[in-house]
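Enquirer: Mind looking over this structure? Questions follow.
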Amino acid sequence: MPLFLYMVLLVLGIHCVQPNISEGKVTSCLSPQQNATLHKMSSINADFAFNLYRRFAVETPDQNIFFSPVSISAALAMLSFGACSSTQTQILESLGYNLTEMPMAEIQQGFQHLICSLNFPKKELELQMGNALFIEKQLKPLAKFLDDVKNLYETEVFSTDFSNVSAAQQELNSHVERQTKGKIVGLIPDLKPNTIMVLVNYICFKAQWANPFDPSKTEEGSSFLVDKTTTVQVPMMHQMEQYYHLVDTELNCTVLQMDYSKNALALFVLPNEGQMEWVEGAMSSKILKKWNRLLQKGWIDLFVPKFSMSATYDLGDILLKMGIQDAFADNADFSGLTKDNGLKLSNAAHKAVLNIGEKGTEAIPEVTFLNQPKITLLHPIIQFDRSFLLLILEKSTRSILFLGKVVDPTEA
């Protein structure tokens with residue numbers, strides 16, 4: 001009889017409960033500037049993000065895309081801890097890691113520092129990534145696995161009676177609801193029979209723009225071109241401010257960097273008309289490094305839609321196509337997790353939610369806007385009134401927290 005393992009990944013670009021972080025845990029986190037492994041991993045993780053994005057683009061053409069690459073990478077890396085032989089190799093290779101070039105211990109240490117760095121308390125930036133593992137109370141997980149996921153991945157582990165499906169479902173959904181402060185309710189509507197383990201991963205993010213938009217200047221009913229024949233009306237935020245930006249003539253797109261007030265930034269990428277597929281196919285860690293080098297600051301007359309976006313994905317088929325095959329098969333080897341036979345991955349779900357507004361993401365304390373003298377000089381206009389790409393990055397680790405495409409900002 002097969003025993004099923006769920007992997008559920010939650011992503012919230014909104015407020016969530018912050019767990020207590022001890023001083024010892026914080027001070028043990030190495031600075032990313034001192035961690036060569038973490039910098040090496042940032043490129044690998046970015047390329048995984050774009051490869052996964054392209055899979056989503058094929059599976060859901062002409063639709064909004066939104067997900068958290070770093071949370072998926074961290075969850076898969078944690079799962080690889082309990083995998084052995086080809087099951088482990090396939091998971092790590094799908095993430096872009098070569099065990100002959102970077103040993104398992106270095107990979108795990110790198111993810112430990114990554115999670116620690118992301119969870120490091122920052123003033124005016126709320127960012128927290130967490131994991132929870134719900135294990136059937138009759139299952140005998142290995143002590144080393146439990147210690148490793150607790151210490152390296154800051155994972156909470158719960159002993160759960162999955163024989164009582166409704167009670168187990170309630171326990172899991174209640175935990176998720178608490179951790180996301182009620183933003184995700186009833187995440188798992190129906191647990192499969194014989195489920196023995198559920199892995200939940202979430203990342204929560206709230207931040208204020210370094211230069212918030214004045215709500216009084218938001219223009220209601222502005223046109224946004226979805227495709228050649230479809231136009232929708234959206235609230236369009238407007239600001240004249242200095243931003244880092246560039247025109248990439250090789251990729252046929254305009255790139256705008258909007259900083260959050262502390263240690264995070266958003267990249268808005270506007271392909272020239274008809275060039276979205278070209279830009280999507282070219283995105284890579286090298287492109288990000290090129291943009292970071294070439295971005296220049298200057299005055300911009302900026303128009304950005306105000307919108308909310310969410311997306312839910314069944315990652316099973318996509319992960320299979322990316323090379324993670326044994327983990328879903330009867331010959332899956334999770335002997336690093338338990339000596340019990342027959343454990344395999346049954347499902348991997350991912351949900352992401354984002355709110356973009358005048359002040360940043362989600363609710364931020366009120367901001368006072370001072371009257372500014374009218375500027376009579378003409379400045380370049382950048383207007384995001386058609387499909388564009390959106391990346392949100394954490395600065396110190398250069399991690400892609402969120403990656404997406406806005407095709408129709410009216411589809412929440």
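Positions of Cβ are set from backbone N, Cα and C atoms, glycine also.
Below are the features I grabbed from Swiss-Prot:
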BINDING   ASN292, LYS395  thyroxine binding site
CARBOHYD  ASN20  N-linked glycosylation site
CARBOHYD  ASN35  N-linked glycosylation site
CARBOHYD  ASN98  N-linked glycosylation site
CARBOHYD  ASN164  N-linked glycosylation site
CARBOHYD  ASN252  N-linked glycosylation site
SIGNAL    1-16  signal peptide
Enquirer: Specify the nearest of the recorded positions ASN98, ASN164, ASN292, LYS395 to ASN252 (N-linked glycosylation site), where nearness means the distance between Cα atoms.
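Expert: With Cα distances computed to ASN252 (N-linked glycosylation site), the winner among ASN98, ASN164, ASN292, LYS395 is ASN292.
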Enquirer: Can you tell me whether DSSP puts LYS395 (thyroxine binding site) in helix, strand or coil?
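Expert: The residue in question, LYS395 (thyroxine binding site), is coil (DSSP, three-state).
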Enquirer: Please identify which of ASN164, ASN292 has the densest Cβ environment, defined as other Cβ atoms within 10 Å, among these recorded positions.
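Expert: Of the recorded positions ASN164, ASN292, the highest Cβ count within 10 Å belongs to ASN292.
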Enquirer: So of ASN98, ASN252, which of the glycosylation sites has the fewest other Cβ atoms within 10 Å around its own Cβ?
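Expert: Counting other Cβ atoms within 10 Å of each of the glycosylation sites ASN98, ASN252 gives the minimum at ASN98.
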Enquirer: From the Cα of ASN98 (N-linked glycosylation site) across to the Cα of LYS395 (thyroxine binding site), what is the distance in angstrom?
Expert: 26
Enquirer: What does DSSP call ASN252 (N-linked glycosylation site) in the simple three-state scheme?
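Expert: Where ASN252 (N-linked glycosylation site) sits, the three-state DSSP reduction gives coil.
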Enquirer: Other than its own, how many Cβ atoms are within 10 Å of the Cβ belonging to LYS395 (thyroxine binding site)?
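Expert: The Cβ of LYS395 (thyroxine binding site) has 14 Cβ neighbours within 10 Å.
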Enquirer: Could you say whether, by DSSP, ASN98 (N-linked glycosylation site) belongs to a helix, a strand or a coil region?
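Expert: Assignment for ASN98 (N-linked glycosylation site) reads coil.
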Enquirer: Whole-number Å only: compute the distance from the Cα of ASN292 (thyroxine binding site) to the Cα of ASN98 (N-linked glycosylation site).
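Expert: So the alpha carbons of ASN292 (thyroxine binding site) and ASN98 (N-linked glycosylation site) sit roughly 27 Å from each other.
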